[in-house]
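For reference, TrEMBL has these:
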{"type": "DOMAIN", "residues": "511-634", "note": "domain 'STAS'"}
{"type": "TRANSMEM", "residues": "132-149", "note": "transmembrane segment"}
{"type": "TRANSMEM", "residues": "161-184", "note": "transmembrane segment"}
{"type": "TRANSMEM", "residues": "190-209", "note": "transmembrane segment"}
{"type": "TRANSMEM", "residues": "241-263", "note": "transmembrane segment"}
{"type": "TRANSMEM", "residues": "269-290", "note": "transmembrane segment"}
{"type": "TRANSMEM", "residues": "331-351", "note": "transmembrane segment"}
{"type": "TRANSMEM", "residues": "363-381", "note": "transmembrane segment"}
{"type": "TRANSMEM", "residues": "393-415", "note": "transmembrane segment"}
{"type": "TRANSMEM", "residues": "421-441", "note": "transmembrane segment"}
{"type": "TRANSMEM", "residues": "453-483", "note": "transmembrane segment"}
């Protein structure tokens, strides 16, 4: 294709075009300082401390670590009314959920209530989210049960299992706090959205399968979490199934799903869904008490100890061989809990148009888990279901967590005997109904439509959890996500650019079908930094572009290729391997009789190319600010060369 639609200047002053400037020299330590600052402090948290007196800086520092000191002075009676309603509402959900998730973690049910008392109080003082409602989560509970259960049997040695749960929670909190203090939260970003969707869906499926034990009234059940083991355990005990328990469980699951559906269709009745779990507990307890169903195979919670959280600092296990398991469990559950808590907090902050500090959240979540581990609590974070209820209930500040904690405290002091007859099947129904909401098939379908690779990540994570284990699913999800990053980095895209008719714009010829190749010039765009991981690939790919362009020109019988223009606008950085690649590529184009031209290299790239003498080798006159200027100069040189060639031929004929 020719380029007859755009008229290049027939004569131009080549020296008048803009030249790429060499950036001023910057000392190594200044450059390193800038890089570290941008990596660890992208939000410039010290900005508000500038030009402030010492007393004011002290107050700002306290407010930074204790946000309650910032919003409490402006707290109003209207805020109190809203937070009071929200706190009582989420308490009605937190109490049955806490008991259910503690059972899921193979821990005493009372720990679910303990974990809904101390951690929310800590978060209310230190958290930056107004909507996050703190408590235990199903996925974290399942992970803890699965990982600790491989080392210690919770039935044969419940005391050691309990102490390991406290220890794992301590290490989870220490990791979370460290990530926040050292501002290393970007590590959590390696869990992509697709990986989280698949992982959470798989974990929710596994959690639902685990509830078949309580729903069917089975006393013996596999400790494995994969689908095959659970199904084998269920169908090898068909004679042990209790129809009374199964009917009761299905009825309560149906009731909970109906109330959730109703609340979604009628958002102003959000409280119907929020109150449904507690209502189920009350109805189930009354039914069991009146019918003595516990004597007919319906298992109940039994006695719950009255009183507030006992201290557990002396129960932490720091001795071999158990400390390794506790550390590993704490690290993995801590990362998952952190990812869920921050993701939920950011989601609701976006709805209300305010900002939360991810590093503050890590410090708050880490601190509450450390305090929790010392006061008989296990892993907590900000679960989506509880936070959604808090948001819909109209909470204004984190004080709703304080109200919830007070409600749980009153329950611990006075109401725990009322849960004696609560059937385990009701707790199983509460868990199943909550988990079904985490299987986000709509998000998976959306991933399939938008990005097949993201769907592969999601699909792999889901099946890794369901057919392997929670840890295997997590490892697969992270591994495939990292692999994708490596593929993006190691195999960057390169494009052939063409001119958009009647403009000075140059765009990808595959994207813009009307973009024309410029005669005698190949324009390439490199879409990534150039360094050791992709240097060889880029050399081979660019050489192939040149060969393909020469074949295209030869097939069309048009002007031979003379110039190769490399648009380096997207090349943010380059290392010595990348520079060596450019030097080798320069020799290749020289052997072909072509001229290499560069356009708009970034400041870091220009600085390194100048220090390596590559700009001297290529010639500073062949480095331009825009593609349009580079094409204009090359076209001018091509026209001049063609005119001189025709003139020489004419003089040769005249001399004959």
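Each Cβ is built from the backbone N, Cα and C atoms, and glycine gets one as well.
A TrEMBL annotation is a machine prediction, not a hand-curated record.
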(message) For the transmembrane segment (363-381), give me same-chain residues lying six or more residues beyond its boundaries with a C-beta closer than 8 angstroms to one of its C-beta atoms, as numbers and ranges.
(response) 65, 102, 105, 107, 111, 114-120, 122-123, 126-128, 134-137, 140-141, 144, 165-170, 172-181, 309-313, 316, 333-334, 337-338, 340-341
(message) Can you work out the mean pLDDT of the predicted model over the domain 'STAS' (511-634)?
(response) 90
(message) If we skip the immediate neighbours and take only residues 6+ beyond the ends of the transmembrane segment (331-351), which ones have a Cβ under 8 Å from one of its Cβ atoms?
(response) 127-132, 137, 139-140, 143-144, 147, 168, 171-173, 175-176, 179, 185, 187-188, 191, 196, 199-200, 358, 361-362, 365-366, 369, 379-384, 387-388, 391, 471, 474
(message) Looking only at the domain 'STAS' (511-634), how are its residues distributed among DSSP helix, strand and coil?
(response) 63 helix, 21 strand, 40 coil
(message) Can you work out which residues elsewhere in the same chain, 6+ from the ends of the transmembrane segment (190-209), have a Cβ less than 8 Å from its Cβ atoms?
(response) 104, 138-139, 142-143, 225-227, 230-231, 335-336, 339-340, 343, 431-432, 435-436, 438-441, 443-444, 447, 451, 454-455, 457-466, 470, 473-474, 477-478, 480-482, 484
(message) Applying the under-8 angstroms CB criterion, which one of 132-149, 161-184, 269-290, 393-415, 453-483 scores highest with the transmembrane segment (421-441)?
(response) 269-290
(request) Find the member of 161-184, 241-263, 269-290, 453-483 that has more C-beta pairs under 8 Å to the transmembrane segment (393-415) than any other listed stretch. (result) 269-290
(request) Verify whether three or more Cβ pairs under 8 angstroms connect the transmembrane segment (241-263) with the transmembrane segment (269-290), leaving out any pair fewer than 6 apart in sequence. (result) yes
